[in-house]
Amino acid sequence: MTERVENGAGWALAGPAACFGALLVVIGFARFGYTALVPALVHEGWTTPTGAGYLASANFSGYLLGALTAVPIARWVPVAAMVRLALVVTAASFAASAFDFGLIWLAVWRFLPGFTGSVVMVLAPMTILAAVPPARRAGMVGLMFTGIGLGIALSGTLVPMLAGLGVAAAWMILAAASAAVAVATWRIWGQVAGAVPVAAAAAPAEPMRRPVAVALLFVAYALDAAGFVPHTVYWVDYVARELGLGYGVGGTQWILFGIGAAVGPLAVARVAGWIGFGPAVVLFFLLKAAAVLLPVFMTGLPALAVSSILVGALTPGIASLTAGYSAELAGPGRQRAAWGLMTSGFAGTQTAAASLFATLLGRTGDYPLMYEIGAGLLFAGAALALATLFGRRPA
């Protein structure tokens, strides 16, 4: 079943822009907006720090389930319908969360957007890329994943200010913003079926172009998921308490992280357009590893700022590169399966790594050790990504 698109050329920009909006809502707002609201949730007595952890786990669990089931679901449900549903569910989850009916109630509304967000993450970028000319894919994948980066930036800057109005008001404003994006992109998603080539939409059962390289990239991306956990979970606390710089400086570092996230995908896409997805993945894995390791040896404000900006930029940046590179390695018809595999590994590894790092910190109290381990994982990921460059054959 296909639909006609009135302006096929216009889709090359409208499609990525719609994906930008979807990722802004289902990942940027739904995942990182909650993180920014945690202090207010605890302060106003909606939950405890332990309860906040359970709510985060509910979201991670939904994300993992969505990554595992997205591709099978896509065989029966059109991608456009799933994206639209995800936007509605996300807006509804924010609105429902504005009512304090207890931990289980909130957990349900953290789980559902985790699930739908992951489904969008797996399916939407690959669906859009299938309709974008190869020469423009690096730039367009950067545009799409900038939605996540902008969401991180807004979550780190505006959401804490919204929390000053009260938790319920903050949830409702996020719901309204999500609904506005849904309305703005609704018609564009209705054009998806007609814009995507039939061969890509049908996803024929053919072997992956380079299965060994896909497997290596899978492990590398999983290592990335674990490697920057200390920077996202413990960064503000490390700066504020361990280094003794206070929560004002810690909050500033998180804002810098968000600024980096907002510009990262487009910046790395520019480099990928020059040197190719594969070499860019290796380069930015190495840079991210160095940025994670930097605060172990240099704790002055300039070094901390560099670390915040680079890790922030490369959090969605490496995700965008991996999406583009996995599509390149998998070949026509297998992009969704490859990216679904990457996202599943990322989600599962990050969930496990968060628990392991928490246990390590609880037993040792050693923050620098966590950053050393994280950097080591990222350097290992760079080595695996480098291995994918050997034995390449023309597309």
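The backbone N, Cα and C atoms fix where each Cβ goes, glycine too.
As annotated by TrEMBL, domain 'Major facilitator superfamily (MFS) profile' applies to 14-395. Residues or ranges marked as transmembrane segment in TrEMBL: 12-34, 54-73, 85-108, 114-132, 139-163, 169-190, 211-234, 254-273, 280-298, 304-325, 337-361, 373-391.
At the 8 Å Cβ cutoff, the transmembrane segment (337-361) and the transmembrane segment (54-73) share at least 3 close pairs (sequence separation 6 or more) and count as touching.
Away from its own ends, the transmembrane segment (254-273) comes close to residues 138-139, 141-146, 148-150, 152-157, 231, 235-236, 280, 283-284, 305, 308-321, 324 of its chain (Cβ-Cβ under 8 Å, at least six residues beyond either end).
Summarising model confidence by region, the domain 'Major facilitator superfamily (MFS) profile' (14-395) averages a pLDDT of 84. Segment contact is absent for the transmembrane segment (169-190) and the transmembrane segment (211-234), given fewer than three CB pairs below 8 angstroms at sequence separation of 6 or more. Same-chain residues lying 6 or more positions outside the transmembrane segment (373-391) and placing a CB less than 8 Å from one of its CB atoms are 210, 212-213, 216-217, 219-221, 223-224, 226-231, 278-279, 281-282, 285-286, 288-290, 292-293, 296, 325, 329, 357, 360. Listed by sequence, the residues of this chain that lie at least six past the ends of the transmembrane segment (304-325) yet keep a Cβ under 8 A from its Cβ atoms are 125-126, 129, 137-138, 141-142, 144-146, 148-149, 152, 217, 221, 224, 228, 231-232, 235, 239, 253-254, 256-261, 263-265, 267-269, 272, 277-278, 280-281, 284-285, 287-288, 290-292, 294-295, 339, 342, 346, 388. Using a Cβ-Cβ cut-off under 8 Å and counting only residues 6 or more beyond its ends in the same chain, the transmembrane segment (139-163) has close neighbours at 12-13, 16-17, 19-25, 27-29, 31-33, 35-37, 39-40, 124-125, 128-129, 132, 169-170, 173-174, 251, 254-255, 257-270, 272-273, 312-313, 315-317, 319-321, 323-324.
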